[in-house]
Amino acid sequence: MKIGVLALQGAVREHLRHIELSGHEGVSVKRVEQLEEIDGLILPGGESTTLRRLMNLYGFKEALVNSDLPMFGTCAGLIVLAQDIVGEEGYLQKLDITVERNSFGRQVDSFEAELDIKGIANDIEAVFIRAPHIEKVNSDNVEILSTVDDKIVAVKEGNYLGVSFHPELTDDYRVTQYFIDHIVAEHKHAAV
């Protein structure tokens with residue numbers, strides 16, 4: 001399968017590496033037209049306000065709001081997928097959750113943890129950098145996959161997966177593989 005990484009900011013190369021390690025083709029997505037060529041899209045971390053501004057500038061918001069393309073958001077990508085953000089309206093509003101930005105602290109408060117992620121594994125390496133957390137799940141359709149210190153850090157809803165951390169900054173590509181082999185594959189199979 002062809003999996004795109006939105007290449008406007010963030011660790012694009014690292015995500016592409018994880019896609020390839022998962023046995024699939026990674027595509028650096030810089031133009032809206034490329035969305036037609038891929039089976040799923042990863043929204044990488046970075047700075048969420050900048051990411052939203054760039055998505056508006058290049059026409060990605062409208063295209064993705066109207067799409068059922070499977071998407072995987074990491075850190076800032078999770079914020080972009082959220083229905084609501086504490087203190088402001090959500091952006092793509094694909095995951096029926098409320099997120100709080102930078103809830104684990106500033107850059108100096110970054111940390112690594114080993115997570116038990118439902119349906120994937122109980123020893124997933126996770127890097128948290130100015131990470132958000134999911135304050136609230138607003139629908140029974142949202143499945144909580146993992147928590148850290150009682151804060152929700154990974155969820156799945158339909159075609160969408162969101163995590164607070166940066167799986168691409170480790171050598172552990174199992175979260176990306178889960179997105180492709182389960183969420184993207186199920187969507188592709190259902191569309192046939």
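Heads up, the Cβ atoms here are built off N, Cα and C, so glycines get one too.
R101 (L-glutamine binding site) falls within neither a helix nor a strand when secondary structure is assigned with DSSP, and so counts as coil. The 10 Å shell around the Cβ of R101 (L-glutamine binding site) contains 20 further Cβ atoms across the protein chains shown. The annotation L-glutamine binding site is assigned in Swiss-Prot to G46, E47, S48, R101, I129, R130.
The active site, nucleophile annotation in Swiss-Prot covers C75 and is backed by sequence analysis. Counting Cβ atoms from all protein chains shown, C75 (active site, nucleophile) has 31 others lying within 10 Å of its own Cβ.
What Swiss-Prot lists as active site, charge relay system is H166 (among others), and the listing cites sequence analysis. The C-beta environment of H166 (active site, charge relay system), restricted to residues of the same chain at least 6 apart in sequence and closer than 8 Å, consists of A11, G45, T74, C75, A126, V127, F128, I129.
The active site, charge relay system feature in Swiss-Prot is assigned to E168 (among others). Within the same chain, the residues at least 6 positions away from E168 (active site, charge relay system) whose Cβ sits under 8 Å from its Cβ are A11, E14, H15, R17, H18, P44, T74, T176, listed in sequence order. Reduced to three states, the DSSP call for E168 (active site, charge relay system) is helix.
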S48 (L-glutamine binding site) - helix vs strand vs coil (DSSP): helix
Maximal Cα-Cα distance (Å) across residues annotated as binding L-glutamine, namely G46, E47, S48, R101, I129, R130: 13
Cβ packing number for R130 (L-glutamine binding site), 10 Å threshold: 19
Site with most surrounding Cβ atoms, counting all protein chains shown within 10 Å, from the binding-site residues G46, E47: G46
Under 8 Å by Cβ from S48 (L-glutamine binding site), same chain, sequence gap 6 or more: A76, I79, V80, R101, P132
Number of Cβ atoms other than its own within 10 Å, given for I129 (L-glutamine binding site): 20
